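Quick look at what TrEMBL lists:
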- 1-12: compositional bias 'Polar residues' (COMPBIAS)
- 51-178: domain 'Ig-like' (DOMAIN)
- 185-268: domain 'Ig-like' (DOMAIN)
- 1-24: region 'Disordered' (REGION)
- 284-308: transmembrane segment (TRANSMEM)
Amino acid sequence: MTNLLVTRSLSPRESGGPSRRHRWGWLLGTGETVNSESPSAREARHGLNTPVHAAAPAAGWQVKVPPEVRAIENYPVVLPCSFTHPQHSHHSSMLVQWRLGHGPGATMLFQCTVHNESHHCQSHQHQDQRYRLEGDPRQHDLSLRISSTALQDSGLYYCRVEPQGRAHSGFENKRGLRLRVEAPPQILGVWVESSGESGYRAVCRVRGSPLPDVQWSRTEERLESSRLSPLPQEAQHHTSSLLEDVLPEQHYTCTASNPLGEDQATLYLLHPSPAQLYLGPQRVLVLLSLSLGAKVILCLCWATWLLFEGGLSWLNCKTQ
């Protein structure tokens, strides 16, 4: 197997800071916002709030949520929800619930109870600590905060309030609030496989949401590639690109991009040395450039490895 040199651009998570290739920010929608003066609305700078959906009036009660909120993976997000009720209506306590999905298959994410005139909503035990009530139910604000979003959090969320003392009465927005969690492209791996008797092909595996577009290039020349089918459980956020007929001593660059930014990795395929051909199974050497210091260390290791291979070849010639 031939030697392979791989370099890549760093994502913010790896480098400890933002990559210059990543573009962040959201354009806020126009129209009515939900309780715009509340802390939850100020926190919504991490998402996109659009005009609200209101539940059909039921005895004067209304629950309002925006139709969609967008978030970036690993960042907090607030899901706005507010309600109104008749002026003469007063309840000593109320139950607040947030669910993911609707119907029998829904998942209860968070629920808490407000007693008497308290501004504190007592959450129930054994709940995921990522969720907490951001709003104040006594101020008609039921907004939910998710401390660190994941791609799997995308879906329809339902906010519900139940006044205590009214049998079988609860109010929610039937359409729900859609949360879309997005992530910039991240190249998970680049490698070379044998193709036929003497050929090679390169594979670039990436993740992101929306699903990244993957392109291969060689010295600024765009190359045609094909997509590999990902595993069913990874199909929504993962993809792989296959490049056939990879030649030694050429630089090949894999570029993954979506509206949030791009990530790159470059590989260089070396001819197998005579020592490698004689000693049997060929090997692949992969170097990941994580930082300047790491580059120096990895290059020294690579040079030592090549010298060691050459020494073995020289020793073998002397013994014959």
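Cβ atoms here come from the backbone N, Cα and C positions, even for glycine.
According to DSSP, the domain 'Ig-like' (185-268) comprises 3 helix, 56 strand, 25 coil. Mean pLDDT, taken over the domain 'Ig-like' (51-178), works out to 84 on the 0 to 100 scale.
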